[in-house]
Amino acid sequence: MEAYVHLQNGKTFAGKLETAWTGDVSGEVVFFTGMTGYQEVLTDPSYKNQIIVFTYPLIGNYGVNEVDFESKHPHVKAVIVYEAEETGYHYEAAYSLKQYLQKWNVPLVSHVDTRALVKQIREHGAMPAVISLRETAVVQMEEQHPVPLVSTSDVETYGSGDMHVVLFDFGYKKSIVHSLMEHGCRVTVVPYNTTLQTVEQLDPDGVLLSNGPGDPKQLSPYLPNVLAVIERYPTLAICLGHQLVSLAYGGDTEKLKFGHRGANQPVYDVKTKRVWMTSQNHGYVVKAESLAHTPLSVRFVNVNDGSVEGVAHETKPILCVQYHPEAHPGPNDTQFIFAEFVDMMKAARKEKVYA
Amino acid sequence: MPKDCTLRSILVIGSGPIVIGQAAEFDYSGTQGCLALKEEGYRVILANNNPATIMTDEVHADAVYFEPLTVESMEKIIAKERPDGLLATLGGQTGLNLAFALHERGILQKYNVRLLGTPIESIKRGEDREAFRALMYELNEPVPESEIVTTVEEAVQFAEQIGFPIIVRPAYTLGGTGGGIAETMDEFIKIVAKGLRESPISQCLVERSVAGFKEIEYEVMRDHTNTCITICNMENIDPVGIHTGDSIVVAPSQTLTDVEYHMLRSAAIKIISALGVVGGCNIQFALDPTSKKYYLIEVNPRVSRSSALASKATGYPIARMAAKLAVGYTLAELMNPVTGHTYASFEPALDYVVVKFPRFPFDKFPFADRRLGTQMKATGEVMAIDRNFERALQKAIHSLELDHIGLHSPALANESTKSLIDIIKKGDDRRFFAILELLRRGIPTSEIHEWTKIDLYFLTRFAQLIALEQQAKNITLDTVDERTFRTLKEKGFSDAYLAYIWHVEEKDVREKRKAYGIVPAYKMVDTCAAEFSAETSYYYSTYFGESEVQASDKPKMLILGSGPIRIGQGVEFDYGSVHCVYALQQAGYEAILINNNPETVSTDFTVADRLYFEPLTVEDVLNVIEAENVEAVIVQFGGQTAINLASKLETYGVSIIGMSSDVIDQLEDRERFYELLQSLGIPHVKGTMATNETELWEKINDIGYPLLLRPSYVIGGRGMHIVEHEQQLCSLIEQGIVYPVLIDEYMRAKEGELDAICDGYDVFVPTMIEHVEKTGVHSGDSYALLPAQSFTEEEKKKMIDYAKRITKQLHFKGLMNVQFIVRNGEVYVLEVNPRASRTVPIVSKVTGVPMVQLATNILLGKYLSEYVIQSPSLSYVVLKYPVFSTYKLPGVDPLVGPEMKSTGEGISIAKTVQEAALKSFYPYLVKKKGAHEIYVDAPEKAASLIEAAKRFGLTVVTDEPFEQWLEKKEALAFVSFMRDDESVQRRKQALARHLLVCTEEETARLFFEALQTDDFSVCSIQQWLKMMKEVVKK
């Protein structure tokens, strides 16, 4: 069946509907440039309510397995590809891409000139779009606050390591927890609006502010709490978490034209003077100049556009990265961030002992 | 850190003549490297004796040395030029081995030459099997269980522990030479013995075979600050067991999950960091298809064939960047030349699929062992890009220029299912087409997967193509609807194939297709999946979606490239294409180029104004012509590939510049050709044509024996035979002759040729070429001297005069190659090729006359009279020598004849023929110090040769048991004239021992000449040309 992708700028792309579904679906349309990792992308909560375009043309080749999910279900609103593999061939494959998306009622549109679509996004910015079976449609999108939709409401603990980390769930990826566990941490996942008092009761060695969807400013009411927590504990903040830390210290964020979403973003590390390949997924960014009067200094810079990819507190053990050191999808080059975080927590523990 | 300013001059070592396993890719990397260094203001000194390359052009290096690639001559060059640095990682295994030897012998230290880029310890660790294995243990990176052996006994012991199959890999060899997979102890002992002989340090690695695992490669770059990036990964469709050079390869990997992709990427980065490579590195893994278990198979700490492929597949210029990193830059300091505004420290993202397909020489060597293994056998390759796998695959097949009809191999259609299954189990070069044929016969993919271990993902794609093929066969041009037509085109079925199955003309298919509005879109290769805007004009077609190409209104020309490297059509034709581009650009034209060979300079997107990576077929060429509004096409520089397209393009109203296809026909159609020569009063050998066997017998009476039989329209003398007597003819007829067949008188005499620049009236001939061997040896396989040494002035005058008459008569413009026979003062025209020939780069380089540039200007409307050019009188002798890869193709007889067998060529320049001969044979003689015995198999036919050998102090052996003699360290060369089976066997044995085999008396004599002198001096081409000009002035 024919399906159409209507962009806000008036452009329409025709494609083929792969999953059974009726009605219109709207969301912000963004693109991901990684050549592998569609399963991780689909289940990354940061993509909540977005329509994802894969620039790699052949998606679904290795199916969908039970082990590489980043959360319990897909978060994207719809998926646009050039070709969707029918079956999926891999010893781990449990579903085909189509079966999996069908199961969660996520529309899959194939046979779209995704490169032309991406060029539209590149030129006009990430924008609202509607996927419809009708040849014309009005592109409307309601403003949403997606974090509450993806954050946990329970407190859950993973692992049994020596270091205890409280993870603020703004829409965390499972791989963050895995990375922490691999670095000897026990992780307690808490809702995004957990108060300092609750955290204190959990008595962690450090806190991690996770990635998550949407505009960080939607979380403005929670910034005083964020500030109180991070000033109290060694902190690692990833993606949305990094933006919240910057906002909490008086910095500012803005929307990128079309975001960084891929597995090949080069990031320069001011501290080690090396360039790392990073996995990224963000539409908002911290404005470098807004950090001037904050205690934060830039630690990581995007080599391509010079944007802020991470900051560190000048005196306190607070490290923030805009990219995804936990990878999945993408390169593992920056796993050392977790080791740095663990070192920060160890140092803080020592201080406590000596204090 | 910016570049190193303590360096002023840098020596670059090239890879030498083309052999299997080391082809045009090193011309590409070398050219890029030299340009990158020149750009930084360094004086570049280049050592490479392959004249067909673009890197050896005067403009790419300040001093070019066509000298033997041995330690001794490198030392001479270093002593003379005193370079500050040496860059050896761009010249393949040859360059790397030389750098290693120069270091080991203390020469680099003696002359204070710094090795740039990857340090010597890293090279050692990457290349030396034992050091490498030790490092991998240290890194905790898995390598298959293995043992380094230096004797057969050690190997046997290992095999007894491990069991079969076992892979044997000799240390420090090229393209897996001498290695193989053994299934049994007998086989194993044979391969190990051979491998030990093959390895310069008599060392082999024997390892547990992981055949059947997925074979995955990564191209990695690292700078001296330890920033590492992977440019591309590639997946071999053929699992481990078939050399990657012989495998069908896709980029990026298709069947790996993100976890697997990054698991191997991380391992690759860990390894390149530990090795300390500065520049590019190729790392190969074997991945278990049913677990996360993987093994490291191989590391090449240099640019390679795979890196050339990765550069073209992604747009990321690995060799150029490697050269910059070698002189001190970091990745973060360099720009990405594709986008022009992002940095080199990133990893390309592809939004298309790339398929590489190997080109095998078995169409020329049907009797060779076609089985593929760990030793590479392909001479070249093609690459294709599309948005879907199926069309990328089909485009690659169209680019191969085989006699296939779509996905059909006519030769396999008649094979039994059983023999097809044998082919795919054994894994010979026809495997892919055999799989398709089996799918056509309804064999399920699951069974084929069992036999071949090819991933079901790929087999399913193949099966879907066969299903579509069937769908196409069920309809006709009249009944095809737009939707089906679109699908067939999107998935790669060519107009020519559809015309074939629909029993119509290709033109009809094209017309109907266009009436439906089905035309290709052209998309850009931009390294970043459209994330950033890009400045390059590097395109591929796809039959779906929006086109990104906008034709400019500048004056423009389309140049057709020469496709994959194969015997008879090598890198020399790429030289022509590239220089034509340069000349067009200088004349203010936009140069648009189509080619599909990823190894070449012409497919470097910085060369032409617009590069189309497409098959060279009528459909694809016409599509580009229409998309770009091209007015005229140049076919002269792309070898026979381009020439063959001319007439078909003309029928679509395309104008071919410089000549009409009728001219080509007049020169290639034997009957018309002789008529032409007769009308011009030019002598030629007696020749006629037969369309069937009866005619053949009749016409032979007019010609008489010996005679030359050959099919019309050939490259590289395919299917040519010298027939000495009736008995031989009978056996040829029995083997099958393709009619019409040309029958020529065979005249055993001197042979020569010339390359002329023609303007329709006049010709300009920079120098004459004389073949060392008599007629009957293909010009590509003969040794040749420039300038011609023994032709009289009278004879030379006739040659030029004949060339002029032909030019005038045909109003021919551009480059023309004319071949002659000279006997008793009479000159006979043998052949005229209306195109740049194999010798054009040689003539251009040694005379300093830029032939392609001049010819291009003439094609654009200039006349020779507008240029002041004189034929230079060379004050030196140039010897061109053929280089064979027959060693790598077991089963091929090294006997030279009318069918070309060599894969490459080299030149030597010297004051005397002796010195030039010494330089040509020098690499061989170095290895044979002390050897002095010549075995002659037909002494009764070679009395004077034997006399000469004795005079030169050689010992002639005629009656020792041959196999015993072969093992002697005194054995120097085998002179063999006999045609019987036993002699063929002996030649193959000698070849397997790396012994020089001469099958022509003149070759042997030339070899004796080489022994007359034991030292040579080195001199750059720039210096030779300068000396010549000074002589002229005096």
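Numbering starts at 1 and runs along the chain as it is shown here.
Every residue, even glycine, has its Cβ placed from backbone N, Cα and C.
The active site, nucleophile feature in TrEMBL is assigned to A:Cys239. For A:His324, A:Glu326, the entry in TrEMBL reads active site. Feature annotation from TrEMBL assigns L-glutamine binding site to A:Ser46, A:Gly212, A:Gly214, A:Leu240, A:Gln243, A:Asn281, A:Gly283, A:Tyr284. For A:1-132, the entry in TrEMBL reads domain 'Carbamoyl-phosphate synthase small subunit N-terminal'. The region 'CPSase' annotation in TrEMBL covers A:1-163.
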- Query: A:Glu326 (active site): which of the recorded positions A:Ser46, A:Gly212, A:Cys239, A:Gly283, A:Tyr284 is the nearest Cα neighbour?
  - Reply: A:Cys239
- Query: So how many of the residues in the domain 'Carbamoyl-phosphate synthase small subunit N-terminal' (A:1-132) end up helix, strand or coil by DSSP?
  - Reply: 26 helix, 46 strand, 60 coil
- Cβ-Cβ distance under 8 Å, sequence separation of 6 or more, same chain as A:Gly283 (L-glutamine binding site); the residues meeting this, in order, are A:Glu28, A:Val30, A:Ala126, A:Lys255, A:Leu256, A:Phe258, A:Gly259
- Note on the structure: Apart from the site residues A:Ser46, A:Gly212, A:Gly214, A:Leu240, A:Gln243, A:Asn281, A:Gly283, A:Tyr284, the 8 Å Cβ neighbourhood of the L-glutamine centroid comprises A:Asn211, A:Pro213, A:Asp215, A:Pro216, A:Cys239, A:His282
- Nearest of the binding-site residues (A:Gly214, A:Leu240, A:Gln243, A:Tyr284) to A:His324 (active site) - Cα to Cα: A:Leu240
- Reduced to three states, what secondary structure does DSSP give A:Gly212 (L-glutamine binding site)? coil
- Message: Just to confirm: which same-chain residues, 6+ apart in sequence, have a Cβ under 8 Å from the Cβ of A:Gly212 (L-glutamine binding site)?
- Response: A:Pro45, A:Ser46, A:Pro146, A:Val147, A:Val150, A:Ser151, A:Asp169, A:Phe170, A:Gly171, A:Tyr172, A:Tyr192, A:Cys239, A:Leu240, A:Gly241
- Query: Taking DSSP three-state, what's A:His324 (active site) in: helix, strand or coil?
  - Reply: strand
- Message: Just to confirm: which same-chain residues, 6+ apart in sequence, have a Cβ under 8 Å from the Cβ of A:Gln243 (L-glutamine binding site)?
- Response: A:Pro216, A:Thr253, A:His282, A:Tyr284, A:Val285, A:Val286, A:Gln322
- Message: Suppose you look only at the domain 'Carbamoyl-phosphate synthase small subunit N-terminal' (A:1-132); what would the mean pLDDT be?
- Response: 96
- Query: The record names A:Ser46, A:Gly212, A:Gly214, A:Leu240, A:Gln243, A:Asn281, A:Gly283, A:Tyr284 as the residues that bind L-glutamine; what is their largest Cα to Cα distance in Å?
  - Reply: 13
- Message: Can you tell me how many other Cβ atoms are located within 10 Å of the Cβ belonging to A:Tyr284 (L-glutamine binding site)?
- Response: 17
- List of residues, in chain order, with Cβ under 8 A from that of A:Asn281 (L-glutamine binding site) and at least 6 apart: A:Phe32, A:Val41, A:Asp44, A:Ser46, A:Tyr47, A:Asn211, A:Cys239, A:Gly259, A:His260, A:Arg261, A:His324
- According to DSSP, which kind of secondary structure is A:Tyr284 (L-glutamine binding site) found in, if we only use helix, strand and coil? strand
